[in-house]
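What TrEMBL says about this protein:
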| type | residues | note |
| --- | --- | --- |
| DOMAIN | B:27-147 | domain 'Acyl-coenzyme A oxidase N-terminal' |
| BINDING | B:153, B:192 | FAD binding site |
| DOMAIN | B:289-450 | domain 'Acyl-CoA oxidase C-alpha1' |
| ACT_SITE | B:435 | active site, proton acceptor |
| DOMAIN | B:490-668 | domain 'Acyl-CoA oxidase C-terminal' |
């Protein structure tokens, strides 16, 4: 067989799909190294995939869409046991990237019974338990002797921690905290794996000592008997019921009825309560700031991966699906031939690459900031926090949009759960709400932008953080995007900077102006919030473009550089057209320049076409991981759709019980009444 | 109790919700008459709701999200039997509006085992069976002695009927048609209720007589034994498996293995095959044109209703949910206070009203066109067909977007199936794909627009249809939206006309220009298709605005007129801002005018706030119909979320089987290995 650049080609594949792969101009393994930030990790991903492929006990026993929640949880628990047992044979257990890949392949994206144990419980103990407490609990948690989660949000209360209702009242006499849920709205609600799996939780409650409210604190709380797993006395606990997705995770509720825990269960790394009730303050107020930044940085990569799942499925299927004619003298064409289809998919392929590059940069930035914080320099933390708030919001929004576009691009079969698209959407779109609701996140970034705008307006631009330094720069009078060599992106970046700067300063003006007219600050803020959020989005999208540009500049391999440059061209023109109102408004971009942008957009749609399948193949998702009949690597869609349908639960019997019980009698009585 | 304008107020309701209703300035019953096009029907809806409320056997035995597909189908079949039996006591059986309401309340939106029987099977027999055939089959179908569906699309083939693979080959010797499925891709795929419920189907197949292909024809085909309901010999049939939504409907597959039916099962109203194989041509080629227009006209109303389900849920919940502070000296506020929340919901409330008014106008137009067709005047049919293609696409797109915005506006609890939001989304978003995929639909409209543009360009504007007459008019040089009294909408309409005209003529120019440069017509068309679709959307959105304006002008009641005028203000400003690129590009709208548009937008968000709950209440959806814990009329959300969660299937046992089988042993062995 000829040696192709696209490494996904196999004998016996659907020739329509192979034809698309043969036209690929770059090595997909090398591109995977770009996507996953190192040749080593990209290779390890493939090796892990191969090991899993050879172990049938790690495969799904049947398609997820055919299982009830109970069956999915049982299946997931079975695999979790196996993974725990054989982890060392498959991955380097301390490598979180390898663990992430193993989980995605074997357990899938719908959650599992110990998801929060690793993501929240262990980190919470690590960050907040004293050394003595860690010896007692952390070791047991790491060994999986106990299963835990982190319980913060309540039925009636989200991010506003001061307003939580769960109380922990110190009883000096017994040296115990009494946990109590005073109302239904004070029930802990939503924590993953709280409902059924966990026997411990780190619980956030308002701490009261001698009548004084010391605000939210964290406590290590036993929930269930370690032997029987029955809920302990004084604990009301259960699953909150089915959700859009993530149904393998038992999100739970938790109520306390004057439930007592020892004083020493208050997590005491940064704070302390003496036996007599004396409170010892934590040294820093915002000790947990960086944990949020950490989670959000990694979320961006996770979202990019889910977007790419959907794009892989849709792009492959579009190469196999033939429908309609462009030239009526010719046979039906692949739907990927249609410009409307390319316009649905390719700009999102570009976004997925942009997101994963921006995510990698953010993780790196986070690591740098952590080092600086260790040396006492916290200057960049605020910038980074603002940036990740915006990225989390913008990336999760476009990811959800892109998955839906990809699903609809698959026509009717995209609507079938055989595509797995709706599950991918359901999981990904959760990212718009968890870890900070998107509107709230954008407003957090806006607060930072308004502060920065205020520096600009008071002539203190030199004090601007590096991520907002452009706010203090002077704009050119007009954009030059159509007058530079097509290989340079500097004029595009300038244009995006101009747009973000103008909207930021304008929205800040609105806010300041309302206060000058006599509105109270919070009212002025609320009245400006839609315009402020627009500024936050534009600022974030500028950062994403810049990260994409920086990455492309770094790439050495000329074949990769060429296709990534095409993708970046597509990206900047698509984004600019999408936000062109802001560019046109003050004449920075002219009408004829916008026509140029459109021409470029359509030019690059066509130019990317021969690489489209290779660009999605480069993410190297196995069929096991994708779980999609439409997205199969081999392109043999139709026979497998038929096999999938025949295996679905409703086809176990030819005549449904509902037909015997209701439909047949209905028809029979109609026939009889006629006689 | 005081007599309030909002008729949904009851004693004992959540006072936060009552407070919102008390501020309503108009009679919600009167508004319902606007929404449902007549006082009589609005009243009948309420009466039907009351009858159903008093019959517990017509209520859900448990929440739908707690049921498997099999349970849902069983439950639906149970109710279907009851409805069939008691129909005359509840509704006027020949009134399709009343039937629609009854189905939504009792059966719900997820489909039912006889959905296609009424929507497709009976209409197909009515339109295509001869009188003799109707006597034989139609009467039996209407009496429900048999259950049927309509089978057209195939696994590998959608709208392109000429490329279907299923064949019906005439055997002169036995006077039979032999139905055959030559390949897997030729399996009938997707028809609702084909899989399990139907014992008959009207099947579309390519008809071959003496070796000649006569193209697609319809046949009445028995699928299952009438007594046993077992599939007949030569028939392969089953359910296609779970989907995003509509899982109470058994969408099915169907294959034929040289399956014989009598010659007389060819539906012969318009076409005939003699015993000797002589083919008698139909008089008209496009006999089914109006059926599509009919379905699409009604789809628009159905989509508006689903959008309003989601908005009702989100707006009520936003009046009850308190989160965060605007003024930190004050208690937590209703999330409806936030401008960002208003901006998420209110423009979609306006769109829902706009859609239902446009839908009603289209149905009326359809009825007028039908009358004209009866007198031989088919001039308006092409206009109407183009219009409904565009409306179907634009309305279903924004409906899906709006439902998702409404769901996300509910924060975490929107993600729970207790909100029922994801099911509403899943059902509604199907409308983007079925009855003509949206991109294809927009291109159908574009064909009509390009024809119209070509009339304009050749000086034949007088020949333009009434719906595109504006394409031939001359634009003013600039918009005057900010210079007219605020009560007039003429300048806005002119602006939307200018935008739609400019894009239509520009996209048509692109298409014509490519041909002039030597591209073949179909290639030129494909290369212009994204721009053409943009024109189709703008044309359609113009029509929606105009329909809204016309309706508001008709309203007599001054209280209704005032609030609908506010809503229309919100609508035109929101839409104009959303498409402002097109308005700015040629300077028709200036930057300062766009600032005016933004100010108007925020002004009307605030102005509508006191009527927001009344505007959604006016749709008069009962709790039974909404099936949403978050959307309850009484606003008692939290205690009912708790009750719902406790009743969910996972809480049947304290310790899940998966814990006993896997999680407990996992922890036990970890503890043991440490000893």
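Keep in mind that glycine also has a Cβ here, set from the backbone N, Cα and C atoms.
Nobody curates TrEMBL annotations by hand; they come from automatic prediction.
Secondary structure of the domain 'Acyl-coenzyme A oxidase N-terminal' (B:27-147) per DSSP (helix as H, G, I; strand as E, B; remaining residues coil): 89 helix, 0 strand, 32 coil.
In sequence order, the recorded positions near chain A, meaning those of B:153, B:192, B:435 whose CB lies under 8 Å from a CB of that chain, are B:153.
Residue B:435 (active site, proton acceptor) is 11 Å away from residue B:153 (FAD binding site) when you measure Cα to Cα. Residue B:153 (FAD binding site) falls within neither a helix nor a strand when secondary structure is assigned with DSSP, and so counts as coil.
Across the structure, residue B:435 (active site, proton acceptor) and residue B:192 (FAD binding site) place their CA atoms 13 angstrom apart. Mean predicted confidence for the domain 'Acyl-CoA oxidase C-alpha1' (B:289-450): the pLDDT average there is 93.
For the recorded site, residue B:435 (active site, proton acceptor), the DSSP three-state label reads coil. Comparing the recorded positions B:153, B:192, B:435 by how many other C-beta atoms lie within 10 angstroms of each C-beta, the top residue is B:192.
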